[in-house]
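A.B. asks: One structure is given below, represented as structure tokens, and several questions about it will come after.
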């Protein structure tokens, strides 16, 4: 479980140490004067100490995020559209945007129900042709999954392949082809030349006249590679056409870039392996309903309520220089709890019996402190980011948003 209060404290401290960012939304207005005073008194000692503390704070945050070091994404890193769509569905944004986006993506309820982490992997662009029959073509390709952490238990995996419609021949509208996905069980050096030792993972009969993504279950292979630590010799794809010559086979199932195709377009059409796993911390992914962003109104001149309640605190990842590897969200409303817990405690202050007793004793004995205004309900956020290996990760982090406050 990710400690949300610790996360907020560390982000605030990082913000203090970043010098020129004191006007950012991470620090409430009431705290900015104190920050300025701290900066003024620190003098020459501040520079060396702040850099050292900042490294410690950043290391703590990265550990909370399950990262060993700060990601330094390359300019060539690509965020698959599928992962962006999953994030929008997971965070509740897609329901508001689906009419304009028109993605038609179906949320993977079953795989997500056992996972709090989704990872995506592009295949290595070295393909090995496999001898086939006159009616089929086959290729072997490889996904490097070595960046999956040891403590993450994979529950399922899927292979996504993009295929384009075939418009050749008089019967193309009624035509079908079959796509078979295999796990390669033996390396080439141990095989009889020209033959693969494989096992079938998934198969599908599809129409020629449809352009779309196809999803195949490759969980048995990925579980062997990750849980059982068996060697990863890659996957094989076989495309069989019932009424086409071999020269037309496989051209519409996109597993390699065509010469006239731009790198940007190909980056979004490459085969994609997606894993669903759980690191043992927090709850699984659950699709959220869309939430309307709260509207901020200017403070009225009337006397403010000083009792315990929730206050706005927006965490902007650009304020701590993390917007280069955190894809979404750019920030989030974390909130914080602040205010008095006066005697007698009102019902709306969401107090415990112990807090009521403590407040009662405080009313006659001031040496006993009042009950404290603290979060009573916390919720998770979803984050889409690039890890230290340039792999795209969608992850749930628990206890990041204050939903309710009370006197405890």
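Here the Cβ of each residue, glycine as well, is placed from N, Cα and C on the backbone.
Among the features that Swiss-Prot reports, signal peptide is placed at 1-19, with the record citing sequence analysis. Positions annotated as phosphoserine by Swiss-Prot, on the basis of similarity to another entry: 91. If you look up Swiss-Prot, you'll see 144, 209, 350, 365 marked as N-linked glycosylation site, on the strength of sequence analysis. What Swiss-Prot lists as compositional bias 'Basic residues' is 284-307. What Swiss-Prot lists as disulfide bond is 308-373, 337-405, 341-407.
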A.B. asks: Go through the recorded positions 91, 144, 209, 365 and tell me which ones have a CA within 10 A of the CA of residue 308 (disulfide bond).
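C.D. replies: Passing the 10 Å Cα cut: none.
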A.B. asks: Output the one of 91, 144 that, of all these recorded positions, has the highest number of other Cβ atoms within 10 Å of its Cβ.
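C.D. replies: Output for this query is 91.
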A.B. asks: Show me the subset of 91, 209, 337, 341, 407 whose Cα is within 10 Å of residue 373 (disulfide bond); these are the recorded positions I mean.
C.D. replies: 337, 341, 407
A.B. asks: Among the glycosylation sites listed here (144, 209, 350, 365), which has the Cα closest to the Cα of residue 341 (disulfide bond)?
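C.D. replies: That would be 350, nearest by Cα distance.
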A.B. asks: Compare the C-alpha of residue 405 (disulfide bond) with the C-alpha of each of the recorded positions 91, 144, 209, 350, 365, and give the closest one.
C.D. replies: 350
A.B. asks: In this structure, which of the glycosylation sites 209, 350, 365 has the fewest other Cβ atoms within 10 Å of its Cβ?
C.D. replies: 365
A.B. asks: Can you see whether DSSP assigns residue 91 (phosphoserine) to helix, strand or coil?
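C.D. replies: Going by the DSSP assignment, residue 91 (phosphoserine) falls within a helical segment, counted as helix.
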A.B. asks: When you rank 209, 337, 350, 365, 407 by Cα distance to the residue listed as 'phosphoserine', which of the recorded positions ends up on top as the closest?
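C.D. replies: That would be 337, the closest of 209, 337, 350, 365, 407 to the residue listed as 'phosphoserine'.
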A.B. asks: Return the residues near residue 407 (disulfide bond) by Cβ distance under 8 Å, restricted to its own chain and a separation of at least 6 in sequence.
C.D. replies: 308, 341, 345, 349, 350, 351, 355, 359, 371, 372, 373, 374
A.B. asks: Between the Cα atoms of residue 365 (N-linked glycosylation site) and residue 337 (disulfide bond), what distance do you get, rounded to the nearest Å?
C.D. replies: 25
A.B. asks: Below 8 Å Cβ to Cβ and six or more residues apart, same chain only. Which residues does that give for residue 337 (disulfide bond)?
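C.D. replies: Set apart from residue 337 (disulfide bond) by at least 6 residues yet with Cβ under 8 Å, we have 308, 309, 310, 311, 373, 374, 375, 402, 405, 406.
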A.B. asks: Taking the Cβ of residue 373 (disulfide bond) as centre, how many other Cβ atoms lie within 10 Å?
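C.D. replies: Neighbour count, Cβ to Cβ under the 10 Å cut-off: 21.
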A.B. asks: Per DSSP, to which secondary structure element type does residue 405 (disulfide bond) belong, with helix, strand and coil as the options?
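C.D. replies: Once the DSSP labels are grouped into three classes, residue 405 (disulfide bond) ends up as strand.
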